[in-house]
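Listed in TrEMBL:
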BINDING   Gly35, Ser36, Gly37, Lys38, Gly39, Thr40, Arg156, Lys199  ATP binding site
BINDING   Arg61, Lys82, Ile83, Val84, Gly109, Phe110, Pro111, Arg112, Arg160, Arg171  ribonucleoside 5'-phosphate binding site
BINDING   Asn116  CMP binding site
Amino acid sequence: MGTVVDAPVVVAEEVTENMLGGKKVTVVFVLGGPGSGKGTQCANIVEHFGFTHLSAGDLLRAEIKSGSENGTMIENMIKEGKIVPSEVTIKLLQDAMIKSENDKFLIDGFPRNEENRAAFENVTISFSLFQTKISPAFVLFFDCSEEEMERRLLGRNQGRVDDNIETIKKRFKTFVESSLPVIEHYSSKDKVKKIDAAKPILEVFEDVKAIFAPYVPKAE
């Protein structure tokens, strides 16, 4: 008489949504052309709604400054005029979210193009018994005419080398060609909150506040 052998127990890896570092995270992508005022409004959102502001550019610069092997690789790619792979930027963003004690994040200036977007949504982070994918709650889009953005950029005195008319035109062109398809993608999923960013700063923030009302920090 044959013996019965128990089949091995297979533990299926569960795919969860937006779990990162043991917490459920809320991610908002912030997009807008150069001079649309998104930086100012991000600071307001951080102050009034308790979000953490993550800039992909700042994270890349910090990694280069750290002198790490990864930072050296990023620096060499930029010097050679190459685009830093999406996976590198995404890893920096994920690490920053995991290290933070917060669970609400504004990701500013990312995704810059469709390739960034697809990579962000397709990267699966594996933990011990489950996998997670991160998708944005919504995209906050600061919509502003090219004429108004140009006026603001030429008028500001921050001494930025990229604020001359020729470079500004190139930055506008890059934004239209690369970032607008990302906005269109999320619009098709009803995930874009569009703000008229041509209005004065305080009026723009009133519109922002209406969108972020569900995220008001709970009183202790």
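Every residue gets a Cβ built from N, Cα and C, even glycine.
Because TrEMBL annotations are produced automatically, they should be read as predictions rather than curated entries.
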| note | For the binding-site residues listed (Ser36, Thr40, Asn116), most other Cβ atoms within 10 Å of the Cβ sits at Ser36
| query | How big is the gap, in Å, between the Cα of Lys38 (ATP binding site) and that of Gly109 (ribonucleoside 5'-phosphate binding site), rounded to a whole number? | reply | 9
| remark: Neighbouring CB atoms within 10 angstroms of the CB of Pro111 (ribonucleoside 5'-phosphate binding site), all protein chains considered, total 27
| message | Can you give me the Cα-Cα distance between Gly35 (ATP binding site) and Gly109 (ribonucleoside 5'-phosphate binding site) in Å, rounded to a whole number? | response | 12
| Are there residues of the same chain, six or more positions away from Lys199 (ATP binding site), whose CB falls under 8 angstroms from its CB, and which are they? | Asp207
| note | CB neighbours within 10 A of Gly39 (ATP binding site), counting all protein chains shown, number 15
| query | Which one is it: of the binding-site residues Gly37, Thr40, Gly109, whose Cα lies the shortest distance from the Cα of the residue listed as 'CMP binding site'? | reply | Gly109
| message | Roughly how many Å lie between the Cα atoms of Gly39 (ATP binding site) and Gly109 (ribonucleoside 5'-phosphate binding site), rounded to a whole value? | response | 10
| Spatial neighbours, same chain, of Gly37 (ATP binding site) - Cβ under 8 Å, 6+ residues apart | Phe142, Cys144, Arg152, Ala197, Ile201, Val204
| request: Determine, to the nearest whole angstrom, how far the Cα atom of Thr40 (ATP binding site) is from the Cα atom of Arg61 (ribonucleoside 5'-phosphate binding site). | output: 20
| Could you state the CA-to-CA distance between Ile83 (ribonucleoside 5'-phosphate binding site) and Ser36 (ATP binding site) to the nearest Å? | 24
| message | Tell me which of the binding-site residues Gly35, Gly109 sits in the most Cβ-dense spot, judged by other Cβ atoms within 10 Å. | response | Gly35
